[in-house]
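Enquirer: Below are the features I grabbed from TrEMBL:
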- 14, 15, 16, 17, 18, 19, 20, 21: ATP binding site (BINDING)
- 7-185: domain 'Guanylate kinase-like' (DOMAIN)
Ligand SMILES: Nc1ncnc2c1ncn2[C@@H]1O[C@H](COP(=O)(O)OP(=O)(O)OP(=O)(O)O)[C@@H](O)[C@H]1O
Ligand SMILES: Nc1nc2c(ncn2[C@@H]2O[C@H](COP(=O)(O)O)[C@@H](O)[C@H]2O)c(=O)[nH]1
């Protein structure tokens, strides 16, 4: 539905492997009218990932050119790669009165909240670091060194959870999805 007001920006964040992508996909199945911002990244595509759908896969030079041009709403160095959200994508969707989800790391989420205090931030917490490790290993997307780095970073990222508007523990997936859906619906109805 198109509205006269601007859309709401929901920022889903949390450590790698916490379940952001899994929860986001389920929330998009359950709720209507949500758009997703496809980030730019310098990391290589994983098997099955599609350019322009999962990410915009760009060279380090192209990423640097976007930074220089001021194209990013936020960007960060995450686990030795660069990731960023294009300002133009977000502005277009919000100006159409549609609600949008970003799925980004903690540094990026805090940058967005600083620039756009009206953005709604959500933090996905794994039940424990042990469970996070098991899930990351089960995903089979990272080598050992990359996986260790992501787990080390997770410990630091978890310390920022109190800076978010909403925190959800992703133990039972169904329950986590239900809680996020209810929170998003409440925030949409409050406007
Ligand atoms: N509640 C859950 N119970 C069991 N497995 C889960 C649960 N939530 C997610 N997973 C699994 O954990 C793995 C990590 O989830 P996912 O890829 O969604 O994490 P992510 O936070 O998006 O990671 P990244 O930030 O690296 O993109 C996936 O294999 C997913 O299927
Ligand atoms: N600051 C940003 N972080 C982003 C963005 N897009 C994704 N991410 C986060 O990076 C890590 C690693 O992602 P992966 O796909 O390599 O597993 C994860 O936490 C993502 O949420 C972005 O545009 N900006």
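Just so you know, glycine gets a Cβ as well, placed from its N, Cα and C.
In terms of burial and nearby residues, how do these features look in this structure?
Expert: Shown in sequence order, 20, 106, 123, 124, 125, 126, 157, 161 are the residues of the chain, 6+ apart in sequence, with a C-beta less than 8 angstroms from the C-beta of residue 14 (ATP binding site).
Per-residue pLDDT, averaged over the domain 'Guanylate kinase-like' (7-185), rounds to 97.
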Enquirer: List the residues in the vicinity of the ATP site, defined as same-chain residues other than 14, 15, 16, 17, 18, 19, 20, 21 with C-beta within 8 angstroms of the site's C-beta centre.
Expert: 124, 126, 132, 170
Enquirer: Please work out the number of neighbouring Cβ atoms within 10 Å of the Cβ of residue 17 (ATP binding site), leaving out its own Cβ.
Expert: 26
Enquirer: Identify which of the following binding-site residues, namely 15, 16, 21, place a Cβ less than 6 Å away from any atom of ligand 2, and list them by sequence position.
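Expert: With ligand 2 as the reference and 6 Å as the Cβ limit, the list reads 16.
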Enquirer: Work out the three-state DSSP category of residue 21 (ATP binding site).
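Expert: Where residue 21 (ATP binding site) sits, the three-state DSSP reduction gives helix.
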